[in-house]
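Student: According to Swiss-Prot, the protein has these features:
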type    : residues                                                       : note
BINDING : Glu175, Arg221, His462, Arg507                                 : L-aspartate binding site
BINDING : Arg221, Asp222, Glu223, Glu500, Gly552, Val553, Asp554, Arg555 : ATP binding site
REGION  : 199-202                                                        : region 'Aspartate'
SITE    : His33                                                          : site 'Important for tRNA non-discrimination'
Amino acid sequence: MHAYRTHTCGELRKSHVGETVKISGWLHRRRDHGGVMFIDLRDHYGLTQIVFNPGSPGFATVERLRAESVITVEGKVVARDAELVNANLGTGEIEVVGGAVSVQSEAAELPMPVFGDHSYPEEIRLKHRYLDLRREQLHKNMVLRSQVIASLRRRMVAEGFTEYQTPILTASSPEGARDFLVPSRLHPGEFYALPQAPQQFKQLLMVSGFDRYFQIAPCFRDEDARADRSPGEFYQLDIEMSFVTQEDVFNSIEPVMRGVFEEFADWEGKGRKVAEGPFVHIPYAEAMLKYGVDKPDLRNPILCSDVSDIMMRDDVTLAVFKKIVGGGGIVRAIPAPNSGDQPRSFFDKMDAWAKKEMQAPGLGYMRFVEENGALTATGPIAKFFEPAALAALAEKAGVKAGDALFFSAGDKTAAVRLQGQARIRVGEELGIIEPGVFRFCWIVDFPMYEWDEDNKKVDFSHNPFSMPQGGMEALLAADTVEKQLDLKAFQYDIVCNGVELSSGAIRNHRPEVMLKAFELAGYGPEVVEAKFGGMLNAFRYGAPPHGGIAPGVDRIVMLLAETDSLRDVILFPMNQQARDLLMGAPSPVDERQLKELNIRLAPVVKPQP
């Protein structure tokens, strides 16, 4: 018989009754029932219940051991009585009558229990991540992650893609976030950078004559943590293709994304589905108008509208809205379907939320009702609208009697931000978010440039390597700031249930077009040559039209696992302060290492309170 196990803790079934077996695992839970000891033994594969009678050779051993001690048990498989069968457990039809017990490792007193669903502070969980990972749900999440990555690889190969590995040590480049820098011992005073993404390398692969590249790529960005972004590193399904249009990229990636989500839609019996039909295409401007965000959750049926023009009518006397629109601001309407009978507290709650969470002046509203066959409205601001104005407002906003309408007003940036978050909030409060479905969309026609208010200049809105729609002709014709801000890029995002999974683009593969695009953003040729010279020079020797995308693996798994935090799908994540509490990183290093790297530390200057 094997030294540790003949079967795993999730393997034994009724067909094994009568067999003598040996299983090993962690002592998950112990229960004393009138002198008879029951334990659950756990390993990677599941749980097995073991019963020890008072005369059993292992009784005294399991009685004294703490939870999470690692033991090997030899015993006989017996069937449970019908009324004791646990249908929620794979091994629930049997139990093992325990005999000899070998202790492989005794557990000290635990800083946090593994059994149960108790909530513990993140600091304790991350410091003792090896205990946290033993907990059932987190353990399942990590297995799901592995299965998702395997599925992605399999599907990419089936679509004709080939996996290649790109360098981890590379040059620093201004791609958005701060770089993690690595000092060079051989070249004092010079630094490598960990790649924020394999962006330039995957494009160079296309220039090198390869096609349909993919990689499960680690990416490193020195940025603050968010629920949907983990500090330090993350993984993405990095993709690039040659001789493709935007539609070609969509047609290649949709089957992969749909297939993965369909494969795991029923994970853990969740009974979800992927919405039928091709992924919806939504222009960026339309997304910002209808949803107030560029990553809309299409499970929410609420569609917003711009009602600024209605506020300037003569039969509308709401002075505050007129002043906002007259000063260049906007007013957006957010419908609240079938909420006209909601109590006043619902509307007060929304207004309080806007003031506290969004730092907005408030969230005006009105309720639409029918009186004597005519549509009218009630609420604090309804009195400022004549019947004809109310009818026009209802028609434009798409509301009817029994609905309510919230208003977001202010300068465009603030009003749209409040509109987007209010739409989400109203949908959640009314319980109208469609359950059990994954709804994808492509956001297209992103602006090439945006206005940098801090530096009072035009700059790239997203990826500087995107091909402008219209090419060089469009760039040459953009001779004013207004025209430059109207330029669109062949750039796109893929979104699922309000989560941006990836940005992508058709690349700017022509050196003269790239230099002109950077020129409009205020970067001279010397800057482009210094930062992107390797890629620019490669383009001078013949570059194919190419494009790609890079869906985030962590976010895909987060959606499938139905968790709100990326840390729940990453094995050993950092905390919010970008510290690895388990390994103690970052940490000081000794003087010898610094000397080898020709580094001298400056005194840390603490900010004044």
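The backbone N, Cα and C atoms fix where each Cβ goes, and this holds for glycine too.
As the structure is a computational prediction, the values presented were derived from the model and not from experiment.
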Student: Determine the most Cβ-crowded residue among the binding-site residues His462, Arg507, using a 10 Å radius around each Cβ and all protein chains in the structure.
Tutor: Arg507
Student: Within 10 Å of the Cβ of Asp222 (ATP binding site), how many other Cβ atoms can be counted across all chains shown?
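Tutor: Other Cβ atoms found within 10 Å: 15.
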Student: Quick check: in three-state DSSP terms, what is Gly552 (ATP binding site)?
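Tutor: Where Gly552 (ATP binding site) sits, the three-state DSSP reduction gives strand.
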Student: Within the chain of Val553 (ATP binding site), which residues six or more apart in sequence place their C-beta under 8 angstroms from its C-beta?
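Tutor: For Val553 (ATP binding site), the qualifying residues are Arg145, Val148, Ile149, Leu152, Ile216, Phe234, Tyr235, Gln236, Leu237.
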Student: Compute the C-alpha separation of His462 (L-aspartate binding site) from Glu500 (ATP binding site), stating it in Å without decimals.
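Tutor: Checking the Cα atoms of His462 (L-aspartate binding site) and Glu500 (ATP binding site) gives a distance of 14 Å.
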Student: Find the one among the recorded positions His33, Arg221, Arg507 whose C-alpha lies closest to that of Arg555 (ATP binding site).
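Tutor: The smallest Cα gap between Arg555 (ATP binding site) and any of the recorded positions is with Arg221.
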Student: Would you kindly give the Cα-Cα distance separating Arg507 (L-aspartate binding site) and Asp222 (ATP binding site), rounded to the nearest Å?
Tutor: 25
Student: Cβ-Cβ under 8 Å from His33 (site 'Important for tRNA non-discrimination'), same chain, 6 or more residues apart: which ones?
Tutor: none
Student: Report, in whole Å, the straight Cα-to-Cα distance of Arg507 (L-aspartate binding site) from Asp554 (ATP binding site).
Tutor: 25
Student: Cα-Cα separation of Gly552 (ATP binding site) and Arg221 (L-aspartate binding site), in Å?
Tutor: 14
Student: Going by DSSP, give the three-state secondary structure for His462 (L-aspartate binding site).
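Tutor: Once the DSSP labels are grouped into three classes, His462 (L-aspartate binding site) ends up as coil.
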